[in-house]
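This report refers to the structure that appears directly beneath it.
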Amino acid sequence: MFKFAALLALASLVPGFVQAQSPVWGQCGGNGWTGPTTCASGSTCVKQNDFYSQCLPNNQAPPSTTTQPGTTPPATTTSGGTGPTSGAGNPYTGKTVWLSPFYADEVAQAAADISNPSLATKAASVAKIPTFVWFDTVAKVPDLGGYLADARSKNQLVQIVVYDLPDRDCAALASNGEFSLANDGLNKYKNYVDQIAAQIKQFPDVSVVAVIEPDSLANLVTNLNVQKCANAQSAYKEGVIYAVQKLNAVGVTMYIDAGHAGWLGWPANLSPAAQLFAQIYRDAGSPRNLRGIATNVANFNALRASSPDPITQGNSNYDEIHYIEALAPMLSNAGFPAHFIVDQGRSGVQNIRDQWGDWCNVKGAGFGQRPTTNTGSSLIDAIVWVKPGGECDGTSDNSSPRFDSHCSLSDAHQPAPEAGTWFQAYFETLVANANPAL
């Protein structure tokens, strides 16, 4: 499994590398590719995107995508990645993504409050960049129907985050949720999921992509020493499985959250993470619409760092692409579909954190690479903005019940309001430091 990742890394580092044929799963084409364009016996070169064509085993290569040796592969839509193939395919292919009117209103008001005309114009442009809608309380769920109706009228794809597990955010405090296990939280969560599924069922012609429960399963990999996480372990698993099954039944394409390179990307965490995700997949009945994994949700890591940030010392998976390429073969071997989406909404500026684990309103951050399906990797379906930039990570007020000490560290922007509320000063920083510039 590691040989495959190593081969991809070598090919990317040495563009002039040439061999007679690419091996199974090796690269065989793409913009700028100068290596071999023929595949080893028993495999066929298949275009995954404009930047990457891959040698797939003949029994996995669709007949319509077969190419002749030495030619540029034709445009095609394939499932990408390795391992089990979801029934949905890449949900972003050929789709326009719906813009949240709620976030657009937040951005418009924020831009109106900026006195610098140039910065205000840049800020206003953020409203045209699609982000996910977070359903972090059951009270927000009734709004989903209106969003779906609007998207249907425009023939657009809707992106949502399912985020309301009981005893949520078990290893931190800033985003503690409304449900507790001590107060029938798991059943309340299932009712919340049922309400989401019921809304989506009314719009079978609208494509929906969902990120499932940020941080939840990652906490079960690394933080079972925290009593709250240990107590929530079975409920997290049962809740995620329930959500996946219910949303699968109404055609939602799903990506389970898997933390980021500085969390599950450490070598010791990769295999346990892959095994946990595979267990969830099997226990949910191998749902055809569970497409894969979401990484870097609401975090700040680069997809492809120009050089390792000093805070990543000791981890060869120092950015999201290294993490993804290390995790993907383990997922595949464990029987989990290895397809990814990556949040780059606030990853425009690197080398600004004191510690890799600093996650709260990181000072000096900027908006990052815009959402696209031109990801440069067959493993990655899309670069996305899951976290709506400008909505706060957590309060710096140490008297708040949801105060987390990470939000008062020296590399956290302060003073900061409660998690999820608008943070004007931070939004202006994200706009000013955007890379690429707005």
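Quick reminder: no glycine exception, Cβ is built from N, Cα and C everywhere.
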Message: Tell me which of Cys229, Cys360 Swiss-Prot records as disulfide-bonded to Cys407.
response: Cys360
- request: Choose one of Cys170, Cys392: the cysteine that Swiss-Prot connects to Cys229 by a disulfide bond.
  value: Cys170
Message: Roughly how many Å lie between the Cα atoms of Cys407 (disulfide bond) and Asp393 (active site, nucleophile), rounded to a whole value?
response: 8
- request: Specify the nearest of the recorded positions Cys170, Asp215, Cys360 to Cys45 (disulfide bond), where nearness means the distance between Cα atoms.
  value: Asp215
Query: So, in DSSP terms, is Cys170 (disulfide bond) helix, strand, or coil?
result: coil
- prompt: Roughly how many Å separate the Cα of Cys360 (disulfide bond) from that of Asp393 (active site, nucleophile), to the nearest whole number?
  reply: 5
- request: Sorry to bug you, but what's the C-alpha spacing from Asp393 (active site, nucleophile) to Cys170 (disulfide bond), rounded to the closest Å?
  value: 15
